[in-house]
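Enquirer: Below you will find the structure I want to go over with you.
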Amino acid sequence: MSTAQVQQVSKVVLGDPSEFRPEHRDPDAFRDFRVHNVADRVIKTYDLMHTNQTVEFVRDRMDYWMKFNHGEMTVMEILEKLNELVDESDPDIDVPNSYHAYQTAEGIRQYHPDKPWFQLTGLLHDIGKIMHLWGEPQWATVGDTFVVGCAPEPSIVFGVESFSKNPDLQNPKYKTKFGMYSPNCGLDNVMMSWGHDEYLYRVLLANNHSLPEEALYMIRFHSFYPYHSCGAYKHLTNQKDEDMFPWIKEFNKFDLYTKTEELPNVDSLKPYYQSLIDQYLPGKIKW
Ligand SMILES: O[C@H]1[C@H](O)[C@@H](O)[C@H](O)[C@@H](O)[C@H]1O
Ligand SMILES: [Fe+2]
Ligand SMILES: [Fe+2]
């Protein structure tokens with residue numbers, strides 16, 4: 001991205017975190033990954049992810065998925081398919097992912113009524129998880145992401161020890177702090193572990209849409225918790241990442257704190273969100 005474009009990043013007014021909080025749940029009660037509290041499915045998903053996500057694996061998955069030959073479907077069709085997906089990495093919720101899409105979008109709509117593109121970003125952000133219904137394992141679809149091609153950071157869920165069986169950690173090219181990267185190369189230039197963030201980002205690039213750069217960035221890095229919530233990987237980020245940071249933080253509030261077992265009435269919300277889809281990402285999309 002050129003410097004001129006960087007300067008155009010719009011400003012988001014960050015709310016006081018206490019302003020957006022589910023009354024029925026303490027914010028500290030989310031994302032509890034302590035081994036005694038977390039379900040086995042969560043531990044297993046991250047164990048497989050941290051063992052098998054390597055540079056070679058991600059290259060292979062990018063080659064495979066970026067042919068976009070899994071059919072042409074609308075956003076609504078994909079959202080409906082996600083009724084069949086329960087995310088095995090998520091310690092907070094056991095309901096199909098389609099509900100989470102509307103919960104996130106509605107949270108954003110309440111606090112950002114003037115930003116329809118942001119609301120739509122909330123609705124869309126996880127639909128890349130459709131990969132799982134087309135054969136990709138959960139450990140390469142869901143969950144928090146990290147950078148491959150350099151040493152894992154301690155703040156990744158389950159820590160550096162969870163990478164003990166990952167072959168890249170034996171590779172002198174990849175096992176150092178910078179690995180295959182140069183200092184502050186920018187997140188645009190790093191290879192993330194393969195999952196729904198990167199897939200949807202690539203799908204959007206391959207199709208016609210009119211979402212702003214901020215939306216693409218939030219989609220691409222929303223699962224990068226070690227970075228946006230723990231301050232890790234700052235040695236790889238650049239000015240664009242700094243400019244975009246408030247947006248990922250703002251997005252994260254809604255992605256995380258709208259998770260509740262109280263399900264939204266999807267049928268009554270559909271017409272409104274269909275109108276946003278028609279405006280920003282209409283018709284059939286190549287997946
Ligand atoms: O378990 C969740 C879930 O898979 C989300 O979609 C992802 O964005 C989060 O990073 C992860 O913690
Ligand atoms: Fe996600
Ligand atoms: Fe999400």
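Note that the numbers count up from 1, one per residue, in the order the chain is shown.
Using the three backbone atoms N, Cα and C, a Cβ is placed for every residue, glycine included.
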Enquirer: Per TrEMBL, which one of His36, His50, His70, His100 shares the Fe cation site with His125, Asp126, His196, His222, Asp255?
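Expert: TrEMBL lists His125, Asp126, His196, His222, Asp255 binding Fe cation, and from His36, His50, His70, His100 it also lists His100.
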Enquirer: Give the subset of the binding-site residues Arg31, Glu88, Asp126, Ser223 lying near ligand 1, defined as CB under 6 A from any of its atoms.
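Expert: Only Asp126, Ser223 qualify.
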Enquirer: Between His196 (Fe cation binding site) and Ser223 (substrate binding site), what C-alpha distance do you get in Å?
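Expert: Each residue's Cα considered, His196 (Fe cation binding site) and Ser223 (substrate binding site) end up 9 Å apart.
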Enquirer: Return the residues near His125 (Fe cation binding site) by Cβ distance under 8 Å, restricted to its own chain and a separation of at least 6 in sequence.
Expert: Ala101, Thr104, Asp197, Leu200, Met218, Ile219, His222, Phe251, Asp255
Enquirer: Taking DSSP three-state, what's His196 (Fe cation binding site) in: helix, strand or coil?
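Expert: Going by the DSSP assignment, His196 (Fe cation binding site) falls within a helical segment, counted as helix.
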Enquirer: Work out how many Å separate Asp126 (Fe cation binding site) and Asp144 (substrate binding site) at their Cα atoms, rounded off.
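Expert: Their Cα atoms are separated by 12 Å.
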